[in-house]
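Colleague: Structure provided below as structure tokens; questions to follow.
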Amino acid sequence: MPLWDYGSLSRFKNFRGFFQYKMREVQMREFQLGYGVHTVRSHGASLAKTHMHDWLILLLLVVIEFILYLTPPFYRYVGKDMMTNLKYPLLDNTVPVWTVPIYAVLLPVVIFLFVYFRRRDIYDLHHAILGLLFSILVTAVITDAIKNAVGRPRPDFFWRCFPDGKDVYDQLGNVICNGEESVIKEGHKSFPSGHTSWSFAGLGFLSLYLSGKLQAFDREGHVAKLCIIFLPLLAASLVAISRVDDYWHHWQDVFAGGLLGLVVATFCYLQFFPPPYHPQGWGPYAYFRELEESGAYSQAAATVNPLNAEPMDSHVESKEDDNDGFLGLHLARDSTMPLEDVESGRR
């Protein structure tokens, strides 16, 4: 046989092998997405029990936050020359305090429940709620701790300190307030903005959650997905702007609060979920870990590739290397548990 025939045959075999590998890769990806619609059920109480230490830490954060709220802030020196920037009118909140937990906590939980009723994935529901609560409470504790330590006066501090409009100062030039004590105390809690930090902690977490569920970064160019995940961030931004418009905060307070809430939300989200741009960003780590431990992916490999007699080990290992090990769910691991047991939670 001519040499060029051997070369053509070799190139054809290489191309055929590469094509088969890519087809298996696509099939496994389709299986992952399809299987994600189903459930890996377990009892919610037992799942929460395995994370008992996390829930106890949440309770500890609630106690710390309550103590910080009752602790008086640092009463910073406020001289007469400083009052020029602190004479803005004392207005009511455009966004009342009682509404913040509703849109920052309850609204995301409602969306988590909606996803749960669609997919019946208790891991996703539990970790989403746990991550959200950690995001909110960690942000709240940091925010109030900084508020009390800094003691920055609000832009409307003059009218809090002197409701009658008559300013009085001591020998050192510091204010001698005659207003209501609770109003004056609140007037020293300008930095950072609590409304803003809570908003970005809750709605920022929701935005990350939606970006993972919608697979917004799948490189398919669906801008509509980005519009959806930007909505929570837009709402949080409008709340932040209202704090400046109401003269309850300086712009620096709002900027710091938004940055704080968004950073904490990102850390808390990544503690339970892969990054939204990852191929497995649509589910929590625990979901894929459960599949790996139960060996469900081994059955999946045999299902999507029944005609291929080659073992999947080499292909899976190369896939792990290409993706820094993140996709390494070891599809070739032997499975002695039926898929129905995985879905029913019998382990």
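Note that Cβ sites are derived from N, Cα and C of the backbone, with glycine treated the same way.
Annotated domain 'Phosphatidic acid phosphatase type 2/haloperoxidase' per TrEMBL: 129-269, in sequence order. Look at TrEMBL and you will find 55-75, 95-117, 129-150, 195-211, 223-242, 254-272 tagged as transmembrane segment.
Could you give the neighbours, burial and distances for every feature on this list?
Modeller: Residue counts of the domain 'Phosphatidic acid phosphatase type 2/haloperoxidase' (129-269) by helix, strand and coil are 95 helix, 2 strand, 44 coil (DSSP-based).
Counting same-chain residues at least six beyond the ends of the transmembrane segment (55-75), those with a Cβ under 8 angstroms from any Cβ of the stretch are 48, 130, 133-134, 137-138, 140-141, 144-145, 147-151, 185, 188-189.
Residues 124-125, 128-129, 132-133, 136, 195, 198-199, 201-203, 205-206, 209-210, 213, 235, 239, 242-243 of the same chain, all 6+ positions outside the transmembrane segment (95-117), place their C-beta atoms under 8 angstroms from a C-beta of that stretch.
Through the fold, the transmembrane segment (223-242) approaches residues 93-95, 103, 193, 195-196, 199-200, 203-204, 206-207, 210-211, 214-216, 254, 257-258, 261 of its own chain, all at least 6 residues removed from its boundaries and within a Cβ separation under 8 Å.
Residues of the same chain lying 6 or more positions beyond the ends of the transmembrane segment (254-272) and with a Cβ under 8 Å from any Cβ of it are 127-128, 130-132, 134-135, 138-139, 142-143, 191-202, 204-205, 208-209, 236-237, 240-241, 243-244, 284-286.
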Colleague: Looking only at the domain 'Phosphatidic acid phosphatase type 2/haloperoxidase' (129-269), what is the model's average confidence as pLDDT?
Modeller: 94
